[in-house]
Amino acid sequence: MSVKHFIQITKPGIIFGNVLSVAGGFFLASKGHVDFALFLAVVIGTSLVVASGCVFNNCIDRDIDHKMERTKNRVMVQGGMSLPLALIYATLLGVAGFSLLYVQANPLSAFCALIGFIVYVGFYSLWLKRKSVHGTLVGSLSGAMPPVIGYCAVSNSFDLAAVTLLVMFSLWQMPHSFAIAIFRFKDYSAANIPVLPVARGVLAAKKQIVLYVLAFVLATLMLTLGGYAGLGYLAVAAAMGLYWLYMAWGGYKAEDDSKWARKVFGFSILTVTALSVMMGVDSQTAADVLMTYAR
């Protein structure tokens, strides 16, 4: 056991992706008036909560991770950390993260983090991931919480913008996850995990990917139409979303499903990154947007 194991088991890549969306929500609510001390506390607090959830997930999935090529080298599978130590580590990370959000931000942001944590660890990892084709749908709620946490840490209000962020990022999770399940089809089959491509076929997953990307595109526009983001954000959201939709539609004539799914997955990362950045740099008040439309 080494320091490397303590880092690896938290899934740093997932933490980094969540930090981007936290920042997007935070700067969207800040509207150019950024409290950097609060920002740092929110980023660290959310990262600790996400890390905690990932460690618990590693503990829960250790019996199926060894069956999958993608996860067979994880710390718990390789015996790099004992189960009791991992559980203690996960608990300490969670307590630290929730406490930081509650004390340095506000109870609302801590509550949002708690909901995401319960959904991911309890409903998804412990239950639905292994039992239901709808596990991805339920799990998407946890993946959508980080931008909401960032937004509520500033606004201290679960308003229309928070709802829009929750819907946007939940919808984004679905095609993103289905694409992974397609190009990792053999892994999920070997572990007997009933993701949509395994349970109902790749064609069914392709149809769902197109529908969810379309819904995502429409949802992204609501931040501008609702008066929370500017026209620059709108232009980027529309361009990225429509190209992602075009790419998703291409799945119907793809000769290599795995190659196509990897492209859809890769562009999903670019899309959510671009939107997170634009939410921060082009946030504005409803009055600003209305004045722009009126000119």
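Note that the numbers count up from 1, one per residue, in the order the chain is shown.
Placement of Cβ uses the backbone N, Cα and C atoms for every residue, glycine included.
As given in Swiss-Prot:
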TRANSMEM  9-29  transmembrane segment
TRANSMEM  36-56  transmembrane segment
TRANSMEM  83-103  transmembrane segment
TRANSMEM  108-128  transmembrane segment
TRANSMEM  135-155  transmembrane segment
TRANSMEM  163-183  transmembrane segment
TRANSMEM  209-229  transmembrane segment
TRANSMEM  230-250  transmembrane segment
TRANSMEM  264-284  transmembrane segment
- Query: Are the transmembrane segment (108-128) and the transmembrane segment (264-284) near each other by the rule of at least 3 C-beta pairs under 8 angstroms (pairs 6 or more apart)?
  - Reply: no
Ranking 9-29, 83-103, 108-128 by Cβ pairs under 8 Å to the transmembrane segment (36-56) puts first 83-103
Residues outside the transmembrane segment (163-183) whose C-beta sits under 8 Å from one of its C-beta atoms, at least 6 past its ends, are 21, 25, 28, 136-137, 139-141, 143-148, 151, 195-198, 202, 205, 208-209, 212-213, 215-216, 219-220, 222-223, 226, 228, 244, 248, 257-262, 264-265, 268-269, 271-272, 275
